[in-house]
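Over in Swiss-Prot, the protein carries these features:
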BINDING   CYS38, HIS66, CYS152  Zn(2+) 1 binding site
BINDING   ASP96, CYS99, CYS102, CYS110  Zn(2+) 2 binding site
Amino acid sequence: MKAMLLHKFGEPLRLEDMDVPKVGVGQVLVKVDYAGVCHTDLSVRSGAIFNRISSSKPTLPLVIGHEIAGEVVELGGNVEGFKKSDKVLIDPWIGDGSCHYCKIGEDQYCDNPKWLGINVNGGYGEYVLVPDYRYMFKLRNLSTSTASPLACSGVTAYRALRLANLDPSKSVMIIGAGGGLGSIAVQIAKAIHGSFIIGVDVSEEGLKLATNLGADYVTSKVDEEEVRKITTGRGVDAIIDFVGSEFTTSNYYTLLAKLGRYVKVGTYGGGLPHDAGLRLHSMGWQFIGTLTGNRKDFLEVLELAENGKIKPMITKVLSLEEANDALDNLEKGKVSGRQVLKVT
């Protein structure tokens, strides 16, 4: 099989031939149709992600890519509910089933995870071995191209908005509203929560996309006075930060209303400012970090997409061989919505 392999952190992926994985008990071999291109893939390529999760550092070479949809081609023993030719979306956040977090249904925080494309081989190759069939979900109405970004951008945005505790009476600011996660978040915030949405993005293309998806107000330069004006003087009830830079975490928390929630998803180096900590009590603020969603979140966001309530905004389709180009586009800020690789 052909795959894009990471041999050394910080270097481009290499297109190579490798053996098709062998299938064991409870495992499934999937032919990859499409793989989404995520900022996490960039972080894996550079190795930066393992500064935060050093216990999950992989042995190289590694096939990266964790937003994976494709077709079942081989099933191991004791696999139930699937057959060859089923079209599936794979939940890449695979737990060992035995740690505390798996037992409470938060497998994505497993102490000994098998994260596809992060510490075990993922979707930038013609075939991927799913270590546990329970982390696969059949597709009914969705194409594999449309479905693939749901595995990370969809479920992560869904979880962040759930943690924000939104309803139609509340407002939410989405930072990075034109990106892969932000564009899904705008749709969820509007369709499911009915909230007033302020979309923030640095690109005009991203702002146009957020507007088309239902954002009520968009801007590339946040003005505190204007934000308070459009939120009846209170400020925003929630901020979903898909960037998480020093600039966003330092400058936007002051826009929170009393009892507001700041949900940090992005990992671009920003931390909680000292002043924010001092004001937690008087304002009743909550600062929440989230990695991604659990299997319940995964099922719910997939159902939303199957029913046409949300749709990943795929703005560019590239070949497997163009994986480095796709990652470079993302790194240079040239992408709104989501890029996907057509693998087979």
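We count from 1, first residue shown onward.
Quick reminder: no glycine exception, Cβ is built from N, Cα and C everywhere.
Shown on the structure are the features that Swiss-Prot records.
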residue : record                : CB count, 10 Å
CYS38   : Zn(2+) 1 binding site : 26
HIS66   : Zn(2+) 1 binding site : 27
ASP96   : Zn(2+) 2 binding site : 15
CYS99   : Zn(2+) 2 binding site : 16
CYS102  : Zn(2+) 2 binding site : 20
CYS110  : Zn(2+) 2 binding site : 20
CYS152  : Zn(2+) 1 binding site : 26
| Remaining residues near the recorded Zn(2+) 2 site, that is with C-beta within 8 Å of the centroid of the site residues ASP96, CYS99, CYS102, CYS110 | GLY95, GLY97, SER98, HIS100, TYR101, LYS103, ASP107, ASP111, ASN112, PRO113
| said: Tell me the Cα distance separating CYS99 (Zn(2+) 2 binding site) from HIS66 (Zn(2+) 1 binding site), rounded to the nearest angstrom. | reply: 22
| said: With DSSP assignments reduced to helix, strand and coil, which class does HIS66 (Zn(2+) 1 binding site) get? | reply: coil
| said: On a C-alpha basis, identify the one among ASP96, CYS99, CYS102, CYS110 that is nearest to CYS38 (Zn(2+) 1 binding site); the candidates are the binding-site residues. | reply: CYS110
| message | Which secondary structure state does DSSP assign to CYS102 (Zn(2+) 2 binding site), in the simple three-class scheme? | response | helix
| Within 8 Å of the centroid of the Cβ atoms of CYS38, HIS66, CYS152, which other residues of that chain place their own Cβ, given that this set defines the recorded Zn(2+) 1 site? | GLY36, THR40, ASP41, GLY65, GLU67, PRO92, GLY117, PRO149, ALA151, SER153
| At the Cα level, what's the spacing in Å between ASP96 (Zn(2+) 2 binding site) and CYS152 (Zn(2+) 1 binding site), rounded? | 19
| message | To the nearest Å, how far is the Cα of CYS102 (Zn(2+) 2 binding site) from the Cα of CYS152 (Zn(2+) 1 binding site)? | response | 18
| query | Could you state the CA-to-CA distance between CYS110 (Zn(2+) 2 binding site) and CYS152 (Zn(2+) 1 binding site) to the nearest Å? | reply | 16
| Just the number: how many Å between the Cα atoms of CYS152 (Zn(2+) 1 binding site) and CYS99 (Zn(2+) 2 binding site)? | 22
